[in-house]
Amino acid sequence: MPRNSADLLIVGASEVLTLGGASHRPRTGAEMNELGIIKDGVVAIKGGLICDIGSLQKIYDKWSAPGIIHAEGRVVMPGFVDCHTHAVFAGSREIDFIKKIVRKSGREISAVPAYLEILKGGGGILETVAKTREASEERLMIYAAFWLNNMLKYGTTTVEIKSGYGLSFEDELKILFAIKKLRGSKMDIVSTFLGAHAFPPEKSREAYLKEIIDHMIPHIHVHELAKYCDVFCEAGAFSVEEAEKIIEIARVWGLKIKLHAGEFNDLGAVELGVKYGAVSIDHLDHISDSAILAMAEAETIGVLLPAVPFHLMTGHYAPARKMIDAGVPIALATDFNPGSAPTFSMQMVIALACRQMQMTPAEAITASTINAAHAIGMEEKVGSLEIGKQADIIILDIDNYLQLPYWFGGNLAREVIKKGVIVS
Ligand SMILES: [Zn+2]
């Protein structure tokens, strides 16, 4: 029988992690340990899509291809989906970081004379807002492209990016237009409006809330600038009542809902998210047992961000075990941002999830691929290796998947393939 011709075959993998069979709904509970492993599996790619996948014999009987990648006994899996980032910003906040180290050490800032002058400076989110406002759209795109390229090198092939460092009509739209233009890059990018990230210093709470509701959200709809609307619901940021006003309007304008909740306090924002059918609720380091049950019942995805308590040195991680055991679908993400999570590495996040939240390696991989794809509405295209899906594939320099969280702190991605093309 003549063989069909594909563009590319990936052969010689010790394990192909397909994550197949979960494109209709995210995996929960014990299912999160199912990786759909094919030993010595082969992936056939045509036109940027996976045209077949299976055992060596099955694929060789059916397919030939001019291009062959030999995985040399390494692990082949779907590219990571980073479903929560703030990757468009200017500047960095290492001074905030030094302040935290000093505070954590129990010393006074004045005990660190070398840093004294710079430590007196502003810092915090408003420093990033000021720098982001100063930067042009083109400049922000250059900065973001640098970070996206690093993400790609570390195996992330799909990313969500939020606005939120503009905090004015012009600056939030500038960020969202930058994200829209970046969509033409190698990555798949999903855009989220997070004008409700903080309150700007120059306006009253009421005035800014009105600006979001009356001006920003309608413009975002008209220019198709975002798929989701997110609110940072936290003490010192937006209250549950303020978040509810924004959510109601966002839904009217066709935006789907996400929420930042329980990063430092449990304000009852999870209940609000569940009430309005949020696609995901993110952070959840502080969450009540009843809120966990409500999320499980509503099948709301919990996006956990362990790089944040790690970087902030709070020691307070989301109760992932409790949530998985209760049936909440869990995804993982970096929360990449200059203040609370300056890492673009999903590999690092997986390492933290296993060590700090006792997720199994398989659960962490599921949470970083197919479940993360569900959290940003990309489950039909990415997050698993199945016929018809995009050939977004990484080859990791490890013998078996258990080594992904085990060898931590480096970059295990040997080859990164996006839509059938080697990009790193
Ligand atoms: Zn965030």
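Note: Cβ is positioned from N, Cα and C throughout, glycine not excepted.
In TrEMBL this protein carries:
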- H84, H86, H260, D335: Fe(3+) binding site (BINDING)
- H84, H86, H260, D335: Zn(2+) binding site (BINDING)
- R93, Y165, H197, E263, S340: 4-imidazolone-5-propanoate binding site (BINDING)
- Y165, N337, G339: N-formimidoyl-L-glutamate binding site (BINDING)
- 75-418: domain 'Amidohydrolase-related' (DOMAIN)
Tell me, in order along the sequence, which binding-site residues from H84, R93, Y165, E263 have their CA within 10 Å of G339 (N-formimidoyl-L-glutamate binding site). R93
On the 0 to 100 pLDDT scale, where does the domain 'Amidohydrolase-related' (75-418) sit on average? 95
Give me the sequence-ordered set of same-chain residues, not including H84, H86, H260, D335, with a C-beta within 8 angstroms of the centroid of the Fe(3+) site's C-beta atoms. T85, K162, D230, D282, H283, L305, A333, F336, N337, A341
Other CB atoms within 10 A, centred on G339 (N-formimidoyl-L-glutamate binding site): 21
What binding-site residues in the list R93, Y165, N337, S340 lie within 10 angstroms of H260 (Fe(3+) binding site), counting C-alpha atoms? none
Non-local Cβ contacts of E263 (4-imidazolone-5-propanoate binding site) (under 8 Å, 6 or more apart, same chain)? E234, H283, D285, H286, V308
Counting other Cβ atoms within 10 Å of each Cβ, which of the binding-site residues H84, H86, R93, H260 scores lowest? R93
In sequence order, those binding-site residues of R93, H197, D335, G339 whose CB lies under 6 Å from ligand 1: D335
Close in space but at least six residues away in sequence, with Cβ under 8 Å from that of N337 (N-formimidoyl-L-glutamate binding site), the same-chain residues are T85, H86, A87, F89, T128
Pairwise CA distances across R93, Y165, H197, E263, S340 (listed as binding 4-imidazolone-5-propanoate) top out, in Å, at 19
Whole-number answer please: how many Å between the C-alpha atoms of D335 (Fe(3+) binding site) and Y165 (4-imidazolone-5-propanoate binding site)? 14
Using the alpha carbons only, what distance in Å do you get between Y165 (4-imidazolone-5-propanoate binding site) and H84 (Fe(3+) binding site) once rounded? 15
S340 (4-imidazolone-5-propanoate binding site) and H84 (Fe(3+) binding site), Cα-Cα, nearest whole angstrom: 13
